[in-house]
Amino acid sequence: MDLDMNGGNKRVFQRLGGGSNRPTTDSNQKVCFHWRAGRCNRYPCPYLHRELPGPGSGPVAASSNKRVADESGFAGPSHRRGPGFSGTANNWGRFGGNRTVTKTEKLCKFWVDGNCPYGDKCRYLHCWSKGDSFSLLTQLDGHQKVVTGIALPSGSDKLYTASKDETVRIWDCASGQCTGVLNLGGEVGCIISEGPWLLVGMPNLVKAWNIQNNADLSLNGPVGQVYSLVVGTDLLFAGTQDGSILVWRYNSTTSCFDPAASLLGHTLAVVSLYVGANRLYSGAMDNSIKVWSLDNLQCIQTLTEHTSVVMSLICWDQFLLSCSLDNTVKIWAATEGGNLEVTYTHKEEYGVLALCGVHDAEAKPVLLCSCNDNSLHLYDLPSFTERGKILAKQEIRSIQIGPGGIFFTGDGSGQVKVWKWSTESTPILS
């Protein structure tokens with residue numbers, strides 16, 4: 001995996017895999033009535049086994065790549081901000097994205113196990129993805145339980161993956177081989193990187209490793225599992241099982257993390273954190289989102305529109321995006337008074353586990369949206385037009401972006417997959 005932006009060397013992670021075939025035209029074709037009812041047994045069937053595209057959806061305006069704010073972590077500008085787009089609140093879902101997305105294609109469970117007797121005649125999918133604008137490069141096997149985090153430190157030639165199997169695995173970016181396994185003696189709830197620091201959330205503590213000088217620190221204080229970590233300016237935030245958010249301030253003189261505060265307000269575990277626009281956003285199992293000022297660490301607003309666990313949060317241009325097990329992705333925008341309110345709700349058929357904002361090969365903004373039916377959808381923004389999806393053995397819990405059009409997914413079976421945007425990407429309708 002030579003993660004060189006120029007793509008000079010064709011290494012493991014930059015080797016383009018076999019992409020899906022481009023879809024045929026839908027002109028003069030009809031959707032199979034029996035397929036819609038879930039009982040078509042014809043192969044080949046002369047009719048379409050997918051819905052016809054709706055009204056034409058033009059391309060999203062080229063991304064401005066603006067951040068919500070130019071805040072920097074203690075190691076410099078963060079690389080985890082979502083891309084922006086030139087849009088306003090009324091652009092969301094303009095091309096029919098407000099309808100509930102219904103899954104119409106299923107992964108063949110026998111193919112996954114390597115023993116499908118039907119071969120090419122099988123009615124179910126024998127591939128890990130649908131869409132011709134990205135492709136699978138390679139698969140990293142080794143974890144025995146759900147992958148809870150993926151980190152690619154800036155400037156490093158190593159990829160780090162964490163799991164509930166109590167390990168962090170280290171992968172060589174050039175060969176794709178596992179070069180080391182850290183046995184931590186406890187389930188890993190999350191992992192992030194910031195500059196030279198690798199930060200790992202565990203039961204009752206946060207581990208901090210400096211991969212440049214091998215410094216090894218244990219940050220005590222959390223009660224229960226640490227589910228989420230994020231860095232804002234010189235502060236490290238940890239979302240914990242007891243509903244509190246612990247804060248440490250990085251001391252550049254001593255290269256240590258000094259306890260700074262404990263943010264109270266959530267009544268159940270804090271499972272998602274994000275920093276943007278001089279704010280900390282926290283999502284919890286109590287179904288709420290809290291907005292905290294980074295100036296004084298006070299809660300300035302509580303958002304209660306979700307009806308189940310708030311699983312993931314990202315900032316995109318001037319908007320906050322949140323997802324929940326209530327099957328929705330909500331888009332929040334600030335009112336004239338400064339408070340956030342829902343400006344658009346995108347509905348899924350299943351609970352939504354994780355969000356990640358990326359740019360495709362043409363610099364268009366795309367939302368990666370993982371659901372608990374073992375799928376990940378790719379949506380153009382702000383229209384929410386679907387352009388492809390990724391399928392997995394189990395739920396995709398972790399998504400991480402790398403340079404050069406690379407992105408990673410980790411699922412409940414322990415598999416980590418490496419994907420890459422195609423040089424020429426063409427949106428499709430599934």
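Backbone N, Cα and C atoms are what each Cβ position is placed from, and that goes for glycine too.
Per Swiss-Prot, region 'Disordered' is recorded for 1-27 (among others).
Annotated region 'Disordered' per Swiss-Prot: 56-90 (among others), in sequence order.
Secondary structure counts, DSSP: the repeat 'WD 1' (142-183) has 0 helix, 23 strand, 19 coil. Look at Swiss-Prot and you will find 142-183 tagged as repeat 'WD 1'.
Per Swiss-Prot, the feature repeat 'WD 2' maps to 221-258. Non-local neighbours of the repeat 'WD 2' (221-258) in the same chain are 71-75, 78, 187, 189-192, 194, 199, 201-206, 208, 210, 215, 264-275, 280, 282, 284, 286, 292, 294, 297; each lies 6+ residues outside the stretch with a CB under 8 Å from one of its CB atoms.
The repeat 'WD 3' annotation in Swiss-Prot covers 265-304. Look at the repeat 'WD 3' (265-304): DSSP puts its residues at 0 helix, 23 strand, 17 coil.
Taken from Swiss-Prot, the feature repeat 'WD 4' covers 306-342.
The feature repeat 'WD 5' is assigned by Swiss-Prot to 345-389. Confidence in the repeat 'WD 5' (345-389), given as mean pLDDT, stands at 95.
Among the features that Swiss-Prot reports, repeat 'WD 6' is placed at 391-429.
Under the heading zinc finger, Swiss-Prot lists 26-52 (among others).
The zinc finger annotation in Swiss-Prot covers 102-129 (among others) and rests on sequence analysis.
Secondary structure of the repeat 'WD 2' (221-258), assigned with DSSP and counted as helix (H, G, I), strand (E, B) and coil, comes to 0 helix, 28 strand, 10 coil. Mapped onto DSSP helix, strand and coil, the repeat 'WD 5' (345-389) counts 0 helix, 30 strand, 15 coil.
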